[in-house]
């Protein structure tokens, strides 16, 4: 009888323990955390056995291949979908001929035979992204922010450098052996991992929408700045800024036929070098007028209504987080990524701050939205023509990237696609797919015509998507995925960046929108 009582009490205790453990695990699952259970431990052990068997089989395959002659014509090609071990820890390769493999997205998940880039080459790519044409709007940000605007140029560089590093940290996790391996390959994959298991695709869709908005707005800004520069270069001609924008769009219409960026990439190096030469020319002209610099015009107070717009302009000039996961994955030495981010952002901070300050000191309250419009007529025309050429050659890059994201999200997801594929069985672009691309080009033109305000559009984009992709999402993802491993100061930095970024994003978006509405009303009255 006593033994029977003991066994019943033991069964009841075990049942209560299992129920409480299930409740705790369920609570952690709702909060997004994973709790290790006995069943999961069994699963890990099973995975270890499978992993050992697979590695043994892989070694046997290697030994067999060493004994076989190279270039065996009778050998069968690998079946599509086979799993091959990668340096990142066992992720499957994309199917042969897929876009992910062609673009080398993530590096780790692409083909191992792809040429890798050095840290210097990666730094050159980041420099091109954060020191492009949009630097021309920074003196306008100093106009409304004064010394605080200069501080924000430094602060944004530090924060964007930090969030770029923590975003890359979210690509890695420890496996069952305690080794840090790359388990994700893109910004979208990080976002999906954060929303799993309840909403496994929600995060990726949010990031895709933000990417599309930022890329399309970048295209619009290129059309706006082209029309603005040409109009101010030749004020004597009877051609309005809208007409110049239409001419620029007519030149850009062939972008709809692009299948790859091979042809455009040939001009990228010359285009970037030309832009650096233009920046040096502007700074040299400003230095020649150093005796007339208006130091007294640099304010310690800010314009409450227009300063949030300056925040968006500064943030937008540092956006590079979209392509950092792919860039890091394609580096020969991913361990050099942090060092590369440090020197690129330090260089960007110094050059941007110097350029913005000397340009504002030269023209003070007369500083315009695009600083080259302040140059004398003889110099302005030459500089602006080079800048227009750079804008037109830069347009295909964000346009093609936006088309890629749209096609992959809406047209190439198999049975989950919202619309039929844009390409036929022979790989040719269908007529209606070409029509959609042309419509996207025309949409950028219409936006440039009806909202021809470079600084306001730049501030709006920086506040809406720039702050989200550079400040809010990286810090949130870092907290969500690596919460258990973060130190207290890392948690503090992430929370502080999220809060400050949220405030700047909301205020900048509201004030930029108000400025656009006011400018639209003024244009309508005129």
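The backbone N, Cα and C atoms fix where each Cβ goes, glycine too.
Feature annotation from TrEMBL assigns region 'Disordered' to 86-105.
The domain 'Amino acid transporter transmembrane' annotation in TrEMBL covers 116-512.
Beyond its flanks by at least six residues, the transmembrane segment (148-172) meets 130, 138, 141-142, 180-185, 187, 189-190, 193, 300, 302, 307, 310-311, 314-315, 317-321, 324-325, 328-329, 337-338, 341-342, 345-346, 348-349, 352-353, 356-357, 470-471, 474-475, 477-478, 481-482, 493-494, 497, 501 of its own chain at Cβ-Cβ distances under 8 Å. According to TrEMBL, the transmembrane segment annotation covers 148-172 (among others).
For the transmembrane segment (212-231), same-chain residues at least 6 beyond its ends with a Cβ under 8 Å from one of its own Cβ atoms are 133-134, 136, 239-242, 244-245, 247-249, 252, 319, 322, 369-370, 372-373, 384-385, 387-388, 391-392, 394-395, 398-399, 401-402, 405-406, 440, 443-445, 447-448, 451-454, 457-458, 460-461, 464-466, 469. Annotation source TrEMBL lists transmembrane segment at 212-231 (among others).
Long-range contacts of the transmembrane segment (267-287) within the same chain: residues 128, 132-133, 135, 351, 354-355, 358-359, 361-362, 371-372, 375, 379, 383, 386-387, 389-390, 393-394, 397, each at least 6 residues beyond the stretch ends and with a Cβ under 8 Å from a Cβ of the stretch. Annotation comment: TrEMBL describes 267-287 (among others) as transmembrane segment.
The transmembrane segment feature in TrEMBL is assigned to 307-327 (among others).
The feature transmembrane segment is assigned by TrEMBL to 339-361 (among others).
What TrEMBL lists as transmembrane segment is 381-406 (among others). Among residues of the same chain six or more beyond the transmembrane segment (381-406), those with a C-beta under 8 A of the stretch's C-beta atoms are 99, 132-133, 136, 208, 211-212, 215-216, 218-219, 222-223, 225-226, 229-230, 232-234, 248, 251-252, 255, 258, 260-261, 264, 267-268, 271, 274-275, 277-278, 281-282, 372-373, 375, 437, 440-441, 444.
Per TrEMBL, the feature transmembrane segment maps to 434-451 (among others).
What TrEMBL lists as transmembrane segment is 457-479 (among others).
The transmembrane segment annotation in TrEMBL covers 491-510 (among others).
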Legend entry - Range from 339-361, 434-451, 491-510 with most C-beta pairs under 8 A to the transmembrane segment (307-327): 491-510
Legend entry - Contacting positions for the transmembrane segment (339-361) when only residues 6+ beyond its ends and CB under 8 Å are counted: 119, 122-123, 126-127, 130-131, 135, 138-139, 141-143, 149-150, 153-154, 157-158, 160-161, 164-165, 279, 282-283, 286-287, 293-295, 297-298, 317-318, 367, 371, 374
Inset, instruction - May I ask for the residues of the chain that lie six or more residues beyond the transmembrane segment (457-479) and have a Cβ under 8 Å from a Cβ within it? - result: 134, 137, 159-160, 163-164, 166-167, 169-170, 187, 190-191, 194, 207, 210-211, 213-214, 217-218, 220-221, 224, 308-319, 321-322, 451, 486, 490-491, 493-495, 497-498, 500-502, 504-509, 511-513, 515-516
